[in-house]
Amino acid sequence: MAEFPASLLILNGKSTDNLPLREAIMLLREEGMTIHVRVTWEKGDAVRFVEEARKLGVATVIAGGGDGTINEVSTALIQCEGDDIPALGILPLGTANDFATSVGIPEALDKALKLAIAGNTIAIDMAQVNKQTCFINMATGGFGTRITTETPEKLKAALGGVSYIIHGLMRMDTLQPDRCEIRGENFHWQGDALVIGIGNGRQAGGGQQLCPNALINDGLLQLRIFTGDEIIPTLVSTLKSDEDNPNIIEGASSWFDIQAPHEITFNLDGEPLSGQNFHIEILPAALRCRLPPDCPLLR
C-alpha cells in the first residue's frame, strides 16, 4: 500500500482496554504505518503530547475519545505556532461522540483509524469563549447543560447517549429556565431560555440536533434558543415542525454576547463553564482536520 506519514494517537485513559482498537492499530502497523500512542491521565496531558508530536514530525494527531478529548486535542493544536502543524484525526471512543457522528466519522474503529491517518485534510472553524476556552462542537446552556453535566458516569457508561434523556426525564420537576440577553450580528433577544445551543457543529447531548443548520467551515456560529415557561409543554411543542414554532428562536453570527443577572453554566464539548457574561466568537479555518469526502457539515 502507499506510504503515509507518521501519526500520534492521543488516547483517553478510559479506552486503554479496548481490544478492537489494539487490533486495528497492530494491523495498520503491519501494513507499514507508523502510529505512536500516548495515553492521557490528567488534564493538560494533551498539550504535552501535541508538543511531542511536533518534535516527532508526525502529520496527524489523532484524538481517541469522546467530545471532551477531541476538544482538548484540537485546542492544543490551534495554540501551536509556526509551520507544519499536524492535522487533527478523530477516533470516536466516547459516550455520545456527537461531533464525530455529525461529521460522518465511521463507527468501525479500523475504518475510522484509516480515515484519521489517510483522509484528506480540510480547514475547519473552532469557537472561543471569553478569549480563553475553546470548543469545536457546541456550547449548550440551560436545561440541556444541567442534564449532561449531572448525568452519573455509571449511567453514561451503561447506556451511552440515552442516559442523558433518562436523567433529564428524572429531573424535569426541578429544572427552571435561565433569564438572559443575547446579542450578535443583526441579532438581539432577551427572555427566559430553557435550552441554548450555540453550534459550530450540529448535535449535542447524545444525538440531539440543537443546531441543524450549522457548518464547520462557514465562519459562523448557529444559535438556537428554546423558550417557554414549562419544560414538558415546550418539549412537546418542539417535537413538531420547526417552522413557525414560537418556542424556537434562531440566529447566525460570527460572535454572540450573553449576559445574565445570575450565574449560568455553559457546557463546552462536555466541559462546564459558569459565569454571567460570555463572549463567544468563531475562529475561521483554525485547524486542519481529516474528514470523509461526504462530510455533511461542509459548505
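Cβ from N, Cα, C; glycine included.
As given in Swiss-Prot:
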{"type": "DOMAIN", "residues": "2-133", "note": "domain 'DAGKc'"}
{"type": "BINDING", "residues": "Thr40, Gly66, Asp67, Gly68, Thr69, Ile70, Asn71, Glu72, Thr95", "note": "ATP binding site"}
{"type": "BINDING", "residues": "Leu215, Asp218, Leu220", "note": "Mg(2+) binding site"}
{"type": "ACT_SITE", "residues": "Glu271", "note": "active site, proton acceptor"}
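Where Swiss-Prot records a feature, it is marked here on the structure.
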residue: Thr40; record: ATP binding site; DSSP class: strand
residue: Asp67; record: ATP binding site; DSSP class: helix
residue: Thr95; record: ATP binding site; DSSP class: coil
residue: Leu215; record: Mg(2+) binding site; DSSP class: coil
residue: Leu220; record: Mg(2+) binding site; DSSP class: coil
residue: Glu271; record: active site, proton acceptor; DSSP class: strand
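Using a 10 Å Cβ-Cβ cutoff, Asn71 (ATP binding site) registers 24 neighbours. Cβ neighbour count for Leu220 (Mg(2+) binding site) (all protein chains, 10 Å cutoff from its Cβ): 22. It is 9 Å from the Cα atom of Asp67 (ATP binding site) to that of Glu271 (active site, proton acceptor). Separating the Cα atoms of Thr40 (ATP binding site) and Leu215 (Mg(2+) binding site) is a whole-number distance of 30 Å. Note on proximity: among Asp218, Leu220, Glu271, the recorded positions of the record, the Cα nearest Thr69 (ATP binding site) is that of Glu271. Looking only at the domain 'DAGKc' (2-133), the predicted model's pLDDT averages out at 95. Counting only same-chain residues at least 6 apart in sequence, those with a Cβ under 8 Å from the Cβ of Asp218 (Mg(2+) binding site) are Asp125, Arg299.
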